[in-house]
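Visitor: Before I ask anything, let me first share the structure, which is written out below as structure tokens.
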Amino acid sequence: MSASKALGQNFLFDAQLLDRIAAIPGDLADKAVLEIGPGPGGLTRALLKAGARVTAIEMDKRCLPALAELGDAYPGRLNVIQGDALKLDHAEIMNGESFAVLSNLPYNVGTALFVRWLGGEAWPPLWTSLTLMFQQEVAQRIVAQPDTSAYGRLAVLAQWRARAKLAMKVHRSAFTPPPKVMSAIVHVEPAAMPEGVSARMLERLTEAAFGQRRKMLRQSLKSVPGALEALECLGIDPQRRAETVSVDEFVSLARELSAG
Ligand SMILES: C[S@@+](CC[C@H](N)C(=O)[O-])C[C@H]1O[C@@H](n2cnc3c(N)ncnc32)[C@H](O)[C@@H]1O
């Protein structure tokens, strides 16, 4: 099967590496796993070997025969859905059962799904962990700390009610064909949601603050009603820039504004 550039296809075939990736979420024996973008099924095979019950969503019809073969080798343990993961309701597909997510997706689809999985008011989510391959630069943005150029919306989103860590770096040469940049796997687990904070408000604040990240907060947060008063109330200097504001400070700001 030739790799399609349009679908962001870079495949992994190294069974040892795939076993290590499948081990990142911990023991998967009889656990429900949602895999997005299985391609011809390298990681899928490792997940099935680890004892998982896998539901896989793949857009490319050409992958279906290889996945069907894998399903025959592990009867009743692999459910393949052909479609666009961005358009499907994952909770419905998983019949309301909690599940671990593993995926190796093209950048745009991976980031869109990541933002979706971490957003919304309902918490804890139905997923128990996200184990996701990203280009290394995006992975670093997800685990970034304040006062660094990588710190931004993705870091706050990933860290305010979840724990995010860099689980593994993957060299570009591990893929067929090799992508231009290095990759890394991020592992995220849900944590307790801070009380009295609306997720929508936190998202709105980070969007405004990092939308103009070079500007001082008193300028970038102007568009959020009450934000300048909340800064004053919390003793956060309005002359600071977004990248100096810690995740806890964003949470306090969102709490102050959620109450109003
Ligand atoms: C980078 S490849 C990885 C394939 C395989 N997991 C591996 O590691 O070898 C990404 C896969 O995601 C699929 N894909 C891309 N966009 C998708 C979408 N929106 N929904 C479902 N699958 C998608 C591609 O067809 C491709 O098989």
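Every residue gets a Cβ built from N, Cα and C, even glycine.
Automatic, uncurated: that is what TrEMBL annotation is.
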Visitor: What does TrEMBL list, out of N104, N108, as binding the same S-adenosyl-L-methionine as N10, L12, G37, E58, D84?
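Guide: So the S-adenosyl-L-methionine site in TrEMBL includes N10, L12, G37, E58, D84 plus, from the candidates N104, N108, N104.
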Visitor: Write out the long-range same-chain contacts of L12 (S-adenosyl-L-methionine binding site), meaning residues 6 or more apart in sequence whose Cβ is under 8 Å from its Cβ.
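Guide: Expected: L18, I21, G42, L43, N104, V170, A174, F175, T176.
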Visitor: Name the residues of the same chain, 6+ apart in sequence, whose Cβ is under 8 Å from the Cβ of N10 (S-adenosyl-L-methionine binding site)?
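Guide: Expected: A3, N104, F175, T176, P177, P178, P179.
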Visitor: So of E58, D84, which of the binding-site residues has the fewest other Cβ atoms within 10 Å around its own Cβ?
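Guide: Each of the binding-site residues E58, D84 was scored; lowest Cβ tally within 10 Å is D84.
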Visitor: Find the longest CA to CA distance in the recorded S-adenosyl-L-methionine-binding set N10, L12, G37, E58, D84, N104; express it in Å as a whole number.
Guide: 21
Visitor: Cβ-Cβ under 8 Å from G37 (S-adenosyl-L-methionine binding site), same chain, 6 or more residues apart: which ones?
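Guide: Sequence-distant Cβ neighbours: I57, E58, M59, A85, S103, N104, L105, P106, V109.
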Visitor: Can you check what DSSP calls D84 (S-adenosyl-L-methionine binding site), collapsed to helix, strand or coil?
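Guide: SS state of D84 (S-adenosyl-L-methionine binding site) = coil.
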